[in-house]
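Chemist: Below is a structure I'd like to ask you about.
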Amino acid sequence: MALRTLATRKTLGAFSTFPQQLRGLQTFTLPDLAYDYGALEPAISGDIMQLHHQKHHQTYITNYNKALEQLDDAIAKGDASTAVKLQSAIKFNGGGHVNHSIFWKNLAPTKEGGGEPPHGSLGWAIDQSYGSVEKLIAKMNAEGAAVQGSGWVWLAVDKELKRLVVETTANQDPLVTKGPSLVPLIGIDVWEHAYYLQYKNVRPDYLKNIWKVINWKYASEIYEKECP
Amino acid sequence: MVMASVTTIASHLTSTFLYAPEFCRLSQSLHTSQRPCTRKSVSGTISANIDLKPPPYALDALEPHMSKETLEYHWGKHHRGYVNNLNKQIEGTELDKMSLESIILASHNKGDILPAFNNAAQVWNHEFFWESMKPGGGGKPSGELLELINRDFGSFEALIQEFKLAATTQFGSGWAWLVCKCLFHQIYNQKLEPIFFNVYFCVDDLEDKKLVVLKSSNAINPLVLGSYPLLTLDVWEHAYYLDFKNLRPDYISTFLDKLVSWDAVSSRLEAAKVSIEGK
């Protein structure tokens, strides 16, 4: 099952009666997962995967598209204050779409390599920076558990400085809000919706178990692209 | 009138105010159930032991609108966790001698938040939340509360719409509130030096006060926003996920239709009118 992100082109000008430039607005659709909802069990339950993908991620996309259309409209009318007011909706929902699209790729069933530690240059870089994969995981779990409220914990590579970084972001802020040269390798969603049905209040157990289905192969590909 | 009451208050107060029965009763006024006030000592030797206060009803009493399972986790794990972690954090520190509200204000530190804030505020918020609900809740407010709602929102329905909007659009974790925007008073000691942290309360009549809907993120509450809280709804996902999954709007409607205790809101409004002057 190939992973694909669909984008549809929608032309506004065709329906407009105003003499304005023809402009295409790209809207977004829900990307497919490369695995079945139940394929990450017992680390993450099928119920959670289905709700998380079909409800939460879809809602971000729906609201992102709506905000983009409103923004497009405001720009066309020269309505600066509306355009600015829409920024938080775009950050919330666009960030939600960006983050979750990365997240699905960060996960893989164990029989497809999920949980298998990184080899190659990423494995080496982790050992150099953190001592071992286990120590990196411990650090990420500590920081992920400490996120107040909703957010994400990330393993990133700084593409300018060519070094690994562990970061957290609040709500759906994308990683770039913590540094423009940060490229996400692994993001772990620590919003309660990501684990509550299965792990309830025990976020540390969720963090401990999710590493069994983390797709280090994907993280390595991204790393090797930024640090050849 | 305001200046006169502030001066009168200032002249009555000393730096031990916050340990005094008056402040204790004030903080008690924000909670409708009659918990005995344990912070009576004026010598500053109170030990922290912030309590895990149970809701004023059994854990299954809000069914089917809020499940027993939810209460068991929400109160039994989340709220309990905040209490335990707070007590661990403040033990042996100067926060250890203070009331919960004082800990919140001190650790909020005018926005430069100190570690104890999240736990302290969440303890307070959850106590306030349980008391904002009752079995057989919902319906409409009456009396002076309804009058003020009509005055400040136009109608009860308009308040409901605004509250629903705030609760729905609070992105990520947080709370929706109905508050009374009250005057803020700075408390001075006998040398007329401002005491370290500020106290918010409503005095005298409510003529120039306004009822307002607020939303806040994570642990932030009206005590640090200069407002007097009257009602809250927890919109952290843990508050509704077991019963409603992702459907926060359904949870909000259920709260307003079946759970909200307008009696508690009325009592809090009444308590807001209590003047410290002359005590």
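Yeah, the Cβs are placed from backbone N, Cα and C, and that goes for glycine too.
Quick paste from TrEMBL:
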DOMAIN    A:27-108  domain 'Manganese/iron superoxide dismutase N-terminal'
BINDING   A:H52, A:H100, A:D189, A:H193  Mn(2+) binding site
DOMAIN    A:119-221  domain 'Manganese/iron superoxide dismutase C-terminal'
Chemist: Quick check: with A:H52, A:H100, A:D189, A:H193 left out, which same-chain residues have Cβ atoms within 8 Å of the centroid of the Mn(2+) site Cβ atoms?
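Modeler: Nearby residues not in the site list: A:H53, A:H56, A:H57, A:F103, A:W191, A:A194.
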Chemist: Return the binding-site residues from the list A:H52, A:H100, A:D189, A:H193 for which some CB of chain B is under 8 Å from the residue's own CB; sequence order; 'none' if the set is empty.
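Modeler: Cβ contacts with B, in sequence order: A:H193.
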Chemist: In sequence order, which residues at least six apart in the same chain have a CB under 8 Å from the CB of A:H193 (Mn(2+) binding site)?
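Modeler: When sequence neighbours closer than 6 are ignored, A:H193 (Mn(2+) binding site) has A:L51, A:H52, A:H56 within Cβ distance under 8 Å.
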Chemist: Tell me the coarse DSSP state (helix, strand, coil) of A:D189 (Mn(2+) binding site).
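Modeler: The three-state answer is strand.
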Chemist: Just give the helix, strand and coil counts over the domain 'Manganese/iron superoxide dismutase N-terminal' (A:27-108), going by DSSP.
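Modeler: For the domain 'Manganese/iron superoxide dismutase N-terminal' (A:27-108), the helix, strand and coil counts are 62 helix, 3 strand, 17 coil.
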Chemist: I'd like to know the mean pLDDT over the domain 'Manganese/iron superoxide dismutase C-terminal' (A:119-221).
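Modeler: Across the residues of the domain 'Manganese/iron superoxide dismutase C-terminal' (A:119-221) the model's pLDDT averages 97 on the 0 to 100 scale.
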